[in-house]
Structures are given as C-alpha cells and as structure tokens.
C-alpha cells in the first residue's frame, strides 16, 4: 500500500464526515426569513382612522411625539445588578462588599428624589447575548436566531426595517459615537459619527475616552436629534478581569459620572435612555442564556414628569425589544415593520390638562392598539411568505386581536363604563402581543427533517465505513487503491447528474446538497464492494471488533450526549471515564501475567539454546505508570470552569490572567510557576531526546531544539511579564510595552514556524560517525550489485544495514591495509520517527500556550506528562516482535480521545459560546486586526481547540511508542580468561549481541507500516465520528427540548468544529510520519550508494 493511497483514503473519509455535518447543520440550525417591508406614516398598520389624540397634531404619524430628542447611552454588558441601588446594611448580617455594587449612585439619587422623572427596569434579553444580535434587536424589535451567534464578528448591514432608518426617513439628525459595529450595521446612516475599534477586549479605555472627548461638545452644540453613545469599557473589563475586580468599580464610577453629566445638561424635551445590551457571567463572559447574561439594566429619565405613579419596590421586568416600539412612538415615528416587542404603556399617559376623564388610560390603550396592529400586520405578511408559524396558534391570535380591535373601535364611539372597558382592552392587547412574541420564539426553529435525517445517515454510514475499513486495512492481500477508484467515479457521476438536473430545471445549485450527493454516491458503492471483497477473501469477522470493556465505556459516553444533565458535568465525567480505562489497562496487564513478579532466571546447559528475553516492563513499572497517570489527571482536573447551570460550583481561580490578580507577591509567585512550567516542559523533552541520542545529531531541527526553543521560552516569559504588568508600567514606557507586546508573540510564532519548516526539510535526526575499523573484519552486508532500484530492493538491504551499523559498517573505499578500512556508525535510528513527532508537538505547543492565560502553561506541562505516561502504559502491553501486521489497540485510541477531551476542559473551555476566550484574538495584535476576520477567528479557534489539534497530530505516537520502548536483549556472558571464546564469536552469542531494532522494525515491512497508519487513522476517525453522530441524533431527537439551544445545539457545533480540527491534525500527523519515512529511505539509499563506490 502506497503512502499517497493512505492519505487520499483518509482524506476521502474526512470528506464523507464533512458532507454529513454540513447536511445536518443546514437542516438543524434555525434561520428565519428577514422581510424588507418598511413602515411609513402614510400607511397605517391597520384599518381605521388615526388613533385617539392624533387629530389636529401637526406632523402626527400614528401617534403624536412626546419628545423631540433622545440621548441613548448604551453601556455594553451593563448587568442589572450593576445599576441596582445598594440596599442599606441590615444589622446582624455580614456586610456585602462587591466591587460593582452601588457604583451608579446617580441612578439611585434620581429614583429617590424624582420618582416621577426616572425609572429603572430589569431588561430581559433574548439569547444569544452577543453584541451584534443585541443591536439588531434594539433597533428592529425582532428576535435573533441561534445561527446569528456565529455572526457576532462578521456584521452585515441590517436589511430589516429599524429605528435608525425611520429616523433618517423622517429627516432626523442621528449622531453616533463608540463601537464601530454600528458602522457595519448602518452604513451611511449617521449625520455625524465617531467610530472606535471594538474588538480589543483588553483595552478598557480607548473607546470610552474617545466618546467622552466628543460627547459633551456634541451635546452642547445642538446639531442633533438623536445622540447615541456606545461605551465598551464595562464589557471589556468583564472579559479581562471579571466583574469582581477593582477595575470594574473604577469603570462603573466613570459611567456614573457620564450619566450625572448628561442629566445636568438635558433639556425638557429630551429623553435619556441608559441601557445595557446584555449582562455577563461571574467570569465576565456572555453569549449564552444564563440569568446573569440575559438580565440587563434599563433606565429612563426626563427633566419633565414621565411616569404617572411612583416606581414599585422591585423593578419591573420587561423584554428588551419593548424599547423599540416605545421609542418609535415617543418620537412620533412608525414602529419598524418586523417589531415583536410590546410598548411600555405607562409612558403614554395623557397630560393632566386633557378634556377626557380617562385620558391617561386611553392613551395607553391607543399605544397598545397601534402596536397590536403593527404586530398583526407583520404576522400576516410573514405567514404569507413562509410556513414557519403554527397555523392553529396564529388563527387563535388573529381572532383575539380582531375581537379586541372591534371592542376598541366600539369604545371610541360609545365610551361607556370607561374604566372597566379600558382595563379589559389593555389586558387583551397585552395578551395578544405576548402571545405573538411567544409564537415567533417557538416557531422560528425551522427544521428540515429530510436534511437532518440525511446528514445523520451519512454520518452513520461514514462510521460504518471506518469500522469496516479498519479491519480490512491489515487484511493480507487487500488492496485499497482499486477499491478507491470505484467510489470516486461514482461520486463524480452523481455530482454531474445532480448539477445537470439543477441546470435543466433552472434551480439553484445547493453546494451542501451537491457535497452530500457526491459523498453518498461514492460511499455506497465502496461499502458494497468492500463487503463483497471482504467476504470472498476470508471468513466474516465480527462487526464490532472493539473489546467489550472499551465498547461499554464508549457507549456510556455516547449515551451521555442525550442528557443535558450529563453535559453539565462532562468536565468531571470525562476524567472518570479516563480513569476507568486506565484501570482496565492495568487490569489487562495483570490478566496477561505482566504484573506478576518475574521468575528467577536459570542458567542453561552448555550447548542449549539461549534463555528467553526478560519481559519488557516489570509489574511495578506498569503499576506506577497507571498511578502516575491517575494522579496527573486529578491535578489537571483542578483547572476547571464551572458551567452556568451549577451555581454552587466555583471555577478555578487559576484560569484567570495574572493581570487580574491584586496582590503583587502572589502575582510574582505565580509568574515564577508559569515560567517554571515552560522551562520544565522544554527540559523534559530535551531529556527524552538525549536519552534516545537524538539530541546529538547535527541536523538543523536538533540545533533548533538546542538554541531556538530556549529563545521561544524566553520570548513567552517576557510577553507574560509585560501582559501581567502593562497597566502598572510608567506612562513614558507604555508605548514601548505596547510595541513589545506585539513583537514578542509574533517572534515566538515565527520561531515555531521556522522550526516546523526545518523539521519538514531535514526530519532525520541521525548522528553519523566515520572512523578506523577495529581488528574485526567480519563482513555484515549480503553482496548486492548495483544501487537499489525498487522499494523491494531497499526493504531487503535496510535491515541488514541497521542490525550491524553500530558495530561495524565496512566501506569499500580504496584504503591501504596499514590504514585499515573505514567504518561508518549511525545512531538514533531507533527513535527517528518519534523524535520528529515529539519535536513537532513541542513546536506547536508553545504558540498554543501563548494564546492561553499564563497559568494554563501548567496544564500543558501536565498534558505532556500524561501523554508520556499513557504511551508507556500502552506500550507495556503491546508486543512488537510478534509476526503479522502492526496494529493499535482500540483501548489505546479511546484513551487518547478521552485525554484530548479532558485537556479541553482543563484549559478552561466549555462547549458554550460564553466560554470562548476572545482575548486570544489579540495576542500579538493588541491594536486589533482592522477589517480582517479570518486571522482573529484562526487565533480564537486555535485557543479553543488546542487539545484537539495536539492529540490529533500526536496520534501516530500510539503506533510508534511500543517500538520505541523495545528493550535490548540479554548481554553476552563474559568469557573466561584464556578461553577460546575470546577469539571466536559463537552463533548463539552473535544473536545475543544484536541491538534492538525499535522503530526501524517498521522499515522491515513498509506495507504493514502504511496499513497500520491507515488503520490507526480510521479508528481515530471512528470514535470522533461516533461522538458527532451521537450529538446529531441527540439534537434532532430533542429538537423541541427546553435546553436544545442552550446545551445540545452548542455541543453539536463544538463537536463538529472539533472533529474538523482533529481530522486535519490527524492528516498532518500521519503526513509528517510519512515524510520522515521518505527521508529515512533516502538516507539509507545514500549510504548504499556510498557503499558501492
């Protein structure tokens, strides 16, 4: 089997999984139709005259305006409790001291001194709680969909009707300053704008200070009708430090001064709106739907009396989208066409000078009626354009609205029993509006069951292919190359057929369906052909070759994907499953008798065969490996982030950056520990390379390990020092610190890239020495005429070269007898593959560590230690000298996958959007990336899926390590002085003198080597594919579950992206092994050619 065939076959299998994931995703992730219809003053939302109070008003549009100006202060991530008044201390209870409590004192003073002028609300936010989706909701009044969360940093212009567009249509002057996301959402919509980059979450002050530079001059200038200021410091402080850091108190105090300054400058016709777009978790993150994330603050204030009654003791809870119709009607604008929010009715009370006895209540009902008309029109238009809305519920709501609207018109003609009638109308309109919103929330989950079923079936078929092909890969005489040509031909045929039908019918070619058709068309013929060929060549093997204990553990893990409760505790369940598998591995060694004490060796009689070799590992050695692995797994579990659903859990404080620490001494101690972890990791790898002799090679990769990697450690340590103390630097040095913070990470990443290039260029780390031969003249090479011209010739001569190369490789150069022949000795061939793999993993680990917070370097150290111990434990029970094909056991692959998952959680990640480490996008780019989105996405993705990448690239070590751990056979007994054995070597002792072949044993059977790599890749893809299949089935079966968008959908997305990263890493890792193998073949060929001269 050729190397190219192995890579192509694995790439084809990956394509099958990709096609299944894409097809399932296109049918599962909800979307909704965005209507481009617009409201206008000339077209009322429903039949009938202008509402009450609009007659005789100049420029009346649906309702007369109450305010001519609005100042909207949007404080990003202003959680409700940040603005909640601090309660007085109750005697007998411990005082509460939290940095964010009571810092917005101006709000509390207004609520106490002017209760009719200001009001604080708890704004209930619709998930996802990402900034771009919240801005869309705050301007359109529509509900976001789950798929919108992926567009948070790829904002596009809003095409739906919105408040900004209505302001422009009415000729109002809109001035904006702050978050530059608004520029992408509303291009050219502002009469004046001051945009500031919003993506650098480590920068707490640039945006806010830039706003303050223009806010008060613009406010006093008067050339505006709506002024919008979007502050980002609170949100960035939460991302960088969390809400409990003293910096949060400073930032909130700054916002309080801003609010107080605005209140002092407002005129009577101006409304002040202070709002948070979303909240934040206890860690300062957002994006999910936890109570802290969906609870934002909303404060309204006017110099004139705004509310007819005093505020309640507990602030009222209102949907965030209610602000859109409220602002539109208060400003005399049409409500945006797609709004689903409900007006805040108490803001529409009639004045005390009105002639109507119930003017206040009637004005509120009129606002609700207009709002209900607008929502009813939207539902009618939307249901006509798509079939998303439930017909039965839609009909019930339309009946409710028709009755309430008729009763309202009748009341205007005959206002009898006004108080009871108005109360009934208010309740009916509110019931309709809330029911309509609930209908939209429930119905905007557009599932295509056909695509979901097709995607799941394609994933299941790909898993079956991996299971079947992994058995066929090591079958004698089985050829994959001709078998692969059939599915490729069928896939191309079905692709051309589908494209031709689409073009003929005039329908648009769907790339997702095209890929699925190609995948299915290529997969089914292969399964049929493989099954027939398999059955004809040998008896049927069991369909489930996975050992029963491993199968049980795998089924338990897959079953947990169907429970939201297990998702919550997966970070703790994964180490338990890993520990159970380690216990099974140790128990298996015990069952095989490898944990028993070795029997005493007996001397054989003269002339008998030599004694057998001792076991490769003692029982105590394997037992200590298992205990050490469990201990390191437990230590890695100390680094954990608690999910939102476990409020009693406390996340590890070690996952926060050193910059968030207050104590200087503790920060210095932790910094020393982090640098120590870097040094220890480098030392461990260098000691390992030195043990196997690869560190003595003069090749460029080894020289880079000696000199380049210490520079990488130094650069990383220097960057951490600057990042942890950048805010404490003197002002005159801050520019230098900022420049160094950009240069150092790029230098480390550049060095890592250089090391990988050198490794690919010269991957063979072998030391060759030439010297005078000893007195022994025994010839070690079988006579061979001419250079090797085929792979078979090379496979024949290579083992002979290596078995005696360290003793005497006799050249045929022309030398005098006095000088003697020249001997060439080569070292480190036994670990040539593993040395390249370990070096590559270390080169990848340093940039990935740089993308994490400093203390996660301890997790990376534990990662390498866990991997080394697991590899040694697996090697203890894997025979390498037995005849037959090479293979990697299922329990080894399962343990490797579990270790990758455990490291994912230990590095502070969770399969939820709110736990994504956005700060990684600014490592090396403190000033942001401009308009580029692919580079920050790459950095954040590398941070999130670092464990998937490292373990996938290192997967071939599962095959290589047992050969690396092959030990030397028994040494030759010392001859008696003066005996004949001093001058002659017996054949028995000659066999005992042989060095272990170790990884060169793989060179004895290159076809078996390539087949083993293929089988390893298929087994790894099977386990990963089984996990993504389980997530897809869970999401489809539980698509109407309460937690589908909170738990199952994010888990599916993370598993899907993790599978893609792992599959790419697996291909790269196997390709690197093959590159080393090609280089080793070329190296041997050069030696043979030199021998011929």
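The backbone N, Cα and C atoms fix where each Cβ goes, glycine too.
Marked as transmembrane segment by Swiss-Prot: 4-24, 460-480, 483-503, 512-532, 669-689, 702-722, 748-768, 831-851, 856-876, 945-965, 1018-1038, 1052-1072. Per Swiss-Prot, N-linked glycosylation site is recorded for 268, and the stated evidence type is sequence analysis. The annotation region 'Disordered' is assigned in Swiss-Prot to 971-991.
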Residues near the residue listed as 'N-linked glycosylation site' in space but at least six apart in sequence (CB under 8 A): 302, 303, 304
Proximity of the transmembrane segment (4-24) to the transmembrane segment (1018-1038), 3+ C-beta pairs under 8 angstroms: yes
Outside the transmembrane segment (483-503), six or more residues from its ends: residues with CB under 8 Å to it: 5, 8-9, 12, 509, 513-514, 517-526, 529-530, 533
Folded-back contacts onto the transmembrane segment (1052-1072), same chain, C-beta under 8 angstroms, at least six residues removed: 6-7, 10-11, 14, 17-18, 21, 25, 28, 759-760, 763, 836-837, 840, 900, 904, 911, 941, 944-945, 948-956, 1013, 1016-1017, 1020-1021, 1024-1025, 1027-1028, 1031-1032, 1034-1035
Beyond the flanks of the transmembrane segment (669-689) by at least 6 residues, Cβ under 8 Å: 658, 661, 695, 702, 705, 709-710, 713, 716-717, 720-721, 724, 765, 835, 838-839, 842, 845, 849, 854-855, 857-858, 860-861, 864-865, 868
Same-chain residues near the transmembrane segment (945-965), Cβ under 8 Å, at least 6 residues beyond its ends: 616-617, 692, 830-831, 833-834, 837-838, 840-841, 844-845, 848, 851-852, 863, 867, 871-872, 874-876, 878-880, 886, 888, 892-893, 896-897, 899-901, 903-904, 907, 997-999, 1001-1002, 1012-1013, 1016-1017, 1020, 1057-1058, 1061-1066, 1068-1070, 1072-1073
